[in-house]
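Listed features, source TrEMBL:
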- 12-33: transmembrane segment (TRANSMEM)
- 18-293: domain 'ABC transmembrane type-1' (DOMAIN)
- 45-75: transmembrane segment (TRANSMEM)
- 121-142: transmembrane segment (TRANSMEM)
- 148-171: transmembrane segment (TRANSMEM)
- 233-255: transmembrane segment (TRANSMEM)
- 261-281: transmembrane segment (TRANSMEM)
- 325-560: domain 'ABC transporter' (DOMAIN)
Amino acid sequence: MKEIIIPKNLKLKLFLCLGVIFSIFASVAYLLIPQGLEQLIDHKVIVIKMIVKLGLLFVTNLLFNFISSFLLLTYAEGQIRESRYDSALKLLKTDVSFLETSLSGELSSRIINDTEVVRQFLSEVIPSAISSVILIFLTFIVLLRLDIGLSICIFCGLLLMVAFLTPLSAVSRKYAKKKQSHLNSLSGYLTEIFQSINLIKLNQGYNKIKKQYNQKLLNTSESSFKYSLVDSFIGPIVYVVLFIVLGFIFAYGGYRVSEGSLTVGTLIAFLIYLFQLLTPFSNIGQFANQFAKTKQYVSVISSYRNLPDEDEGSIDVDNNEFLSLEFKNIGFSYGDHDVLHNINFKINKGDKLAFIGPSGSGKTTIINLILKLYKPIHGKILFNEQQNLRTISTDSWRKKISFIAQDFESLSGTIYENLTFGLDSLPNDETIKEALRKVNLLEDIEKFEQGWHTLVGEKGSKLSGGQKQRLQLARGFLKEADIFIFDEATSNLDSISESIVLSSVERYLSEKTVIFITHRLATIKNVDKIFFIEDGYIAEKGTHEYLLSHYQKYKLYLSKQLGNTRL
Ligand SMILES: Nc1ncnc2c1ncn2[C@@H]1O[C@H](COP(=O)(O)OP(=O)(O)OP(=O)(O)O)[C@@H](O)[C@H]1O
């Protein structure tokens, strides 16, 4: 909580301090007004002089309040901006294993919506709580000086109010927590639905989604309703207690005035002070409520901000040519699910190889380890025979790799933006054309009215499957990667598209290292070495011909995959 209240930034610290100071000044000016009124009513001062003085107090109070609000709003906005910035960037930098357990919509909702609650807490609740404490403290001093008996009346009344409101606030906090958690879950759910719209349409999922969505809406409105219901009791309770206190003051104060031990001016001043105390007390009640609520949000946002970076390595390999990568006794598990066991192989510069094997055998996991998306649990991966991949800067390592996936991960920008995404310097038009030509994509793109400035749509929806793979490959050419990894990238292509990709690989990537995960015969036949993965082990390795003649399971696997196609 401290890190969100106290800014790291010196300028914001200054805004916070000045904001609080001006809020105190405003409170003092506000406090002096009833006293002036008392003197005016009881004719203790010259009327005109006092009216001017009261006018000045009003203006000062307004002005200081305005300055204080301006400063505190600037501070709160700054804090929230930093918090949103840090948490989103931390999520981008942290291990993918953390992100896998959260819905992306829920994460964005926490960063955007939860921080709104924190912003309100910083810009409104904290300042008003501070000035309220000061106001209550100073008011009681003034009241005690005016009349002890009436002060005790007010004090008892306020204690009564606190006694009623405290348990109510606890219940209200509980529902506020539930409400926000349901809202976040709803937001995450909706994002997921909109991202999977085709899946839902094509699998007749509408009715199921309708039911689930309705249930989530019901949960959200139930907690929201309970929260508002509890909150709606607070106002009437305040008024009932207020009327009780007022009754006492009128009765007791009236008696004292008739007795002559109290002036009318003092009684009126007391009443005004009583009304003035209402807002500060309600502010403090709100503070207790909001503090618990905000603390919960802050703890989530802070947990994002304090996530460890995925990058453990610091050695920069930007200028080191890729020569080899070696898996030595690698073992890996997701949680307690063992996936890879004792994996050993070496990839040299220029190798063309493929990992094949049954679904779930661990092929993608091997690639994930190469990409440093996960770290091995046993063994080590050596870069150029010497450096442990763990010690190498992840950014500089990934610059050497072009990953071409079956599911095209694109930004919703233009073809150009997708082609050049992540490049250190922007290539000129001729270089882009050359890259597109190498993958037979230039003609296709020139057919679009806006050429490569055409928007690709969400997840590249304006491009065909083959065009998406070729676009990714062209991005790899522009990146001048050393290693090209195709994860089932050719699997869904028709044989013409597949042969375009394969001939690009053959023509332009002869010097590069190319790794495929595939079950396509044409691709397999193109590589120098195949690793057959089964149950997390390398069951056998060799060329296609070798495996066909020496490893029965390989032949069987391909026959199942390819049906009647001749091997
Ligand atoms: N992020 C993850 N968390 C937990 N388990 C996972 C995760 N990713 C994969 N697995 C599990 O690890 C095992 C190996 O998965 P992997 O994706 O490496 O297999 P694969 O051989 O690439 O399969 P496919 O050919 O179907 O893509 C599977 O049992 C899978 O359920």
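Backbone N, Cα and C define each Cβ position, glycine as well.
Taking Cβ pairs closer than 8 Å, the transmembrane segment (148-171) reaches residues 140, 230, 233-234, 237-238, 241-242, 244-245, 248-249, 252-253, 256, 262, 267, 270, 273-274, 277, 281, 285, 288-289 in its own chain, all 6 or more past its ends.
Here the transmembrane segment (233-255) has long-range neighbours at 149-150, 153-154, 156-158, 160-161, 164-165, 168-169, 172, 262, 267, 270-271, 274, 278, 282, 285, meaning same-chain residues at least 6 beyond its ends whose C-beta is under 8 angstroms from one of its own. The stretch in 12-33, 45-75, 261-281 that contributes the largest number of Cβ pairs under 8 Å to the transmembrane segment (121-142) is 12-33.
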